[in-house]
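Everything below concerns the one structure shown next.
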Ligand code: BES
Ligand code: MG
Ligand code: ZN
């Protein structure tokens, strides 16, 4: 729980006090601490000072670096550290003072503190029976000037909904495949839609076949868990014909199929629906905040497993667009489901722009690691919009080249396309395979195989699903902060 209210150490168990390096000389205790190099006010540095005047209470000095080098992302990380420290101290109520500067306005403070605090507080521990602290933390945001209270409360509500969208995405990603499979994923989305008033339509195997989604079905046929096509529609601007299509890879499990993965690479493959989770989380935030744009999200949910009905290397399959595909490797299944999901979005939902989000290649981990999402796009202006929001959200993106030399690698000698472009440039060829189906619409492909999952807790991310890039998808469609403070990187 988080709300705007001025509190002091009299009212709460702990106070988090942001400290710029420039402020170290402003109090006796900070002067002494910095002299002895115990606390220097650096980003992500937290010093806990207990007091016993009113019972056991704590002041948490939270370093935020220098005014010159301050960034919103650094601030979010510092908040996360302080919140994690507060949790260790088993406190129930904590106040945080906002930290306004020419780099971050009051609204920016409320937004970044709310998101960072709620996300840092997240854990996925529902299956653990052992006694763990499930106490809830109540957070009070202090120092909001009277005149800005109304706007700050609006920003608070918006930020809470965004954080809830990220948390929804994390939960869906963390749930194992025996709990979340196409049917139950669809069920969850239907329930979410009913709760917040978002239109959701689910199509079963028969309807998917009637639509001619042959590539999607070829993958889905491998499992006794039947595929589902999940469509979410948020039409917030009746005056516009523009519709942004969000397409999320929804493999609720990926064994690789007959091109079987080694068991070590397989064990987290319940998270191969991280793209679906991200677009579902983004739609939650978009609908809940009543964003005045038209956005339609599509998830082709299925499992890639081994059975008598599985597709096999060497098969030649068709697709909703009519293009034929030679199967070089059954583990390159995501692009097949996405090709049909993209075609469906264009043909049936009439989207005018597309972003697909997918845990598509191990190669993107080799290229960019776990901090940066790989991007393939046919539209530089569209990509620039993403770069701009990324400076605010702190989620990182990097564009890879996609010239025609790479597209050639997806050509087959027996069909129109093949689903593997060879060992080289794996992230690019995978992205460009989807690009074959976007019919010249402005399109971005986000490969989140590296960024959607964290092996350990870090900053405001926790181990497991990260919910990346929910916040950037939201920021791309929502109105920016009306305040003219300097954007920080
Ligand atoms: N779901 C995987 C990609 C993946 C790898 C996601 C690691 C998260 C972490 C995808 O379906 C896959 O298996 N891709 C293959 C493609 C290859 C066969 C061309 C890969 O990356 O090895
Ligand atoms: Mg695969
Ligand atoms: Zn996969």
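Cβ from N, Cα, C; glycine included.
Residues 331, 333 are recorded by TrEMBL as Mn(2+) 1 binders, and the candidate that the same record lists for that site, out of 254, 264, 379, 381, is 254.
Binding of Mn(2+) 2 is attributed by TrEMBL to 249, 254, 333, and within the candidate set 237, 241, 272 the record adds 272 to that site. Least crowded of the binding-site residues (254, 331, 333), judged by neighbouring Cβ atoms within 10 Å of its own Cβ: 331. The recorded positions close to residue 335 (active site), defined as a CA atom within 10 A of its CA, are 249 out of 249, 254, 261, 272. With a CB cut-off of under 6 A applied against ligand 1, the recorded positions 249, 254, 331, 335 are reduced to 254, 331. In this structure, none of the recorded positions 249, 261, 272, 335 sits close to ligand 2 with a C-beta under 6 angstroms from any of its atoms.
A distance of 8 Å separates the Cα atom of residue 331 (Mn(2+) 1 binding site) from that of residue 261 (active site).
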